[in-house]
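Participant: So that we are looking at the same thing, I have put the structure below in structure tokens.
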Amino acid sequence: MRTSSTSTTPSGTAGTPSSAAATPSRPSTAPPGPATGASGTSFRARLAALLAGVATVGALITAGATTAHAADTPLRDLAAAKGKVMGTAVTGSKLTGTYGDIAGREFNWLTPGNAMKWGSVEPTQGSFDWAEADQIVNFAEAHGQEVRGHTLVWHSQNPDWLANGSWTPAQLGTLMQNHINTEVGRYEGRVAAWDVVNEPFNEDGTYRPTLWYDGLGADYIASALTWARAADPAAKLYINDYNVEGVNAKSTALYNLVKSLKERGVPIDGVGLQAHLIVGQVPSTLQQNIQRFADLGVDVAITELDIRMQLPSDSAKLTQQAADYKAVMSACLAVTRCTGVTVWGFTDSDSWIPDTFPGQGAATPYDENYAPKPAYRAIVEALGGTTTEPPTGACTAAYSVTSQWNTGFTGQVRIACSGAALSSWRASWNFGAGQRITQAWNGTCAQTGATVTCSNASYNGTVPDGGSVTFGFNGSWSGSNPVPTVTLA
Ligand code: G3I
């Protein structure tokens with residue numbers, strides 16, 4: 001029996017952006033992959049799979065808890081039962097550990113957040129890098145998921161050689177056609193829908209001046225769609241934009257464009273409403289707007305849903321955010337041709353918001369430690385599922401692996417209290433596969449056999465109602481690195 005002790009060391013659009021979703025015509029019928037989890041799994045087991053162990057401690061109080069629990073049925077299964085899809089944007093390099101588990105279990109559509117953009121796949125003219133895009137497509141196939149290709153023709157995230165080049169209209173047309181042929185052709189039959197053209201409009205409904213519009217005129221859009229159809233006749237082709245969720249000048253311009261494309265016989269299957277929203281500001285005309293596009297004979301997908309707030313988050317903001325997520329889900333559920341909803345990152349640790357809107361964030365359904373938020377529960381409820389209510393007045397501990405390599409890993413445990421408080425804490429768990437803690441910070445950890453016990457440092461024993469404390473550790477593993485259930489005392 002070995003015991004290791006470690007010392008304590010401190011550690012450390014809705015005005016938008018400068019677009020993803022799905023079509024019911026290719027429902028995710030493949031069985032969930034290995035990481036997908038069975039619908040009938042018990043709450044406890046699923047929570048463990050979520051890398052969260054929960055324990056109720058002392059102090060029983062009244063306030064409403066702000067931590068949602070994982071549903072017994074994954075979002076993807078709830079959505080499928082309603083004829084909808086549930087997607088998320090992902091970062092390829094993160095598709096392991098907890099991030100990979102949740103991405104594989106809860107969603108049936110994936111959108112590469114950046115990996116399929118022109119700047120990612122052809123950084124140097126004629127020299128291609130498909131590594132991350134391939135990784136995401138392979139992951140999706142292994143987990144019975146569809147892929148939304150994002151995005152082929154955009155004004156942003158183009159490679160420097162393209163953006164800074166001086167091109168004749170004929171050259172631009174050839175570049176665009178070759179790009180579409182190459183990328184759509186590469187994934188023919190493997191990418192179910194493409195955001196062919198992204199963000200073509202200004203807020204007032206005029207066309208955005210871009211490399212493409214300036215060089216080729218408004219018909220660059222029809223050309224792109226036509227070339228995409230030729231490259232993969234089965235893929236659903238979308239135009240995707242932001243601030244087009246409600247009825248307004250921009251969405252009306254998009255509506256008129258789609259109407260005209262349909263009348264001309266240009267291939268267009270759907271519109272993507274990005275939905276980068278702000279807490280408390282879901283457009284009241286969202287469902288009406290979805291319906292008017294559907295009435296044109298195209299699908300509608302909510303492609304990049306996130307709902308940001310001014311930080312720090314608090315119970316009131318998270319409750320409002322949950323209502324907002326529910327409102328968006330309900331609007332899509334109410335319109336047959338709304339194919340489903342994709343969130344733009346499922347965890348606050350993988351969201352573009354804090355970088356782009358300093359001081360804002362907490363925009364996704366899971367917090368940065370992969371704990372499901374009230375927004376997650378709201379999605380479940382909108383999809384007709386149920387979640388187990390968290391115990392009233394509880395402190396909980398959530399274990400997560402934050403990174404993992406050959407033989408080592410970094411993990412953390414977040415202790416959060418809602419309706420309860422702690423003046424000191426001790427967290428313990430049993431490693432199931434021989435893992436060993438080698439170093440810890442913001443807590444003192446000791447391991448005896450498989451049992452690890454960590455207690456607070458001198459400065460972080462207090463966890464107030466509504467507050468949290470996180471401690472971290474490095475460890476070694478081999479074979480597998482399963483997530484233990486943490487007990488708080
Ligand atoms: O990859 C580099 C990395 O090597 C470098 O260290 C780091 C330093 O900042 O930058 C990394 O690139 C960043 C990239 O995301 C990958 O993380 C870029 O700076 C950053 O600008 C880029 O942001 C992306 C943004 O599009 C660019 O406009 C976001 O991740 C991505 O979520 C966001 O997605 C867009 C949709 O495509 C279209 N709709 C709006 C949505 C939000 O802006």
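Even glycines carry a Cβ here, placed using N, Cα and C.
Automated prediction, rather than curation, is the source of TrEMBL annotations.
Annotations per TrEMBL:
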COMPBIAS  1-28  compositional bias 'Low complexity'
REGION    1-40  region 'Disordered'
DOMAIN    72-382  domain 'GH10'
ACT_SITE  Glu304  active site, nucleophile
DOMAIN    388-489  domain 'CBM2'
Participant: Does DSSP put the residue listed as 'active site, nucleophile' in a helix, in a strand, or in coil?
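Facilitator: Assignment for the residue listed as 'active site, nucleophile' reads strand.
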Participant: Can you work out the mean pLDDT of the predicted model over the domain 'GH10' (72-382)?
Facilitator: 98
Participant: Per DSSP, how many helix, strand and coil residues does the domain 'CBM2' (388-489) have?
Facilitator: 0 helix, 58 strand, 44 coil
